[in-house]
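Copied over from Swiss-Prot:
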ACT_SITE  77  active site, proton donor/acceptor
ACT_SITE  185  active site, proton donor/acceptor
BINDING   13, 14, 45, 46, 78, 79, 186, 187  substrate binding site
């Protein structure tokens, strides 16, 4: 049962990666009412055209905002954030927070080189190149784009063990070349321990989760709190694969079982 006295926050992603952002916000502001919506009908977003992505995010988010009387939206997807934020901010009257790869803080602490681990779409996007140019021009940035890492995070959340040899093979280009790695996809903090194990303790891993949590707190004007855990709602645009296994993990994170949010787009 949601508490009507606290703001409602919508967290949106194409998959379950945004749950890493939810964990950071919820740890800081447990008293809020959280609604999570993932557009798994169009997962992964990196393979969509820009026009299709904008249409899907715009439609699903605005409908959920109306249905649940949302007070703040978090677009917990790097691919969507770089494209759709201006559209949503022009349309909605509530705050919309996006995700940006943590290139700027990484450049402040890297002494060797930075590794940006993201989706192929994020790595190729002009927005990412501009971030590197503006905030890390004096540091070498190694780019690694992988869709398989995204799927590995999805599998882990359904109880499947990660193949560390496969992970090591994917991350091999960054081995012994960097001292800071930016987790540039919200899925990747879900497999942070395994990435750390492969790259070694000498590599510092950073992501945008905590910065997003602080921004949400600032926009809502709410004090950090320790509160009783409550059950939140999670919606999917299509039936999730291995839904029963996923619901087990979702319950541990404070969610009721996945509900359908089926809207033609």
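Each Cβ is built from the backbone N, Cα and C atoms, and glycine gets one as well.
Positions of Swiss-Prot features highlighted on the structure.
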residue	record	DSSP class
13	substrate binding site	strand
45	substrate binding site	helix
77	active site, proton donor/acceptor	coil
185	active site, proton donor/acceptor	coil
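Across the structure, residue 45 (substrate binding site) and residue 77 (active site, proton donor/acceptor) place their CA atoms 9 angstrom apart. Other residues of the chain with a Cβ within 8 Å of the Cβ centroid of 13, 14, 45, 46, 78, 79, 186, 187, the substrate site, are 15, 17, 18, 44, 76, 77, 80, 119, 122, 150, 185.
Sequence-distant neighbours of residue 186 (substrate binding site) (same chain, six or more apart, CB under 8 Å from its CB) are 13, 17, 18, 20, 21, 76, 77, 78, 99, 207, 208, 209, listed in sequence order.
Taking the Cα of residue 185 (active site, proton donor/acceptor) as the reference point, the closest of the binding-site residues 14, 46, 79 is 79. Pairwise Cα distances among 13, 14, 45, 46, 78, 79, 186, 187, which the record gives as the binders of substrate, peak at 13 Å. Other C-beta atoms found within 10 angstroms of the C-beta of residue 77 (active site, proton donor/acceptor) number 32, with every protein chain shown included.
Cβ-based crowding with a 10 Å cutoff singles out 78 as the top-ranked of the binding-site residues 78, 79.
Local packing around the Cβ, expressed as the count of other Cβ atoms within 10 angstroms, is greatest for 185 among the recorded positions 13, 45, 46, 185, 187.
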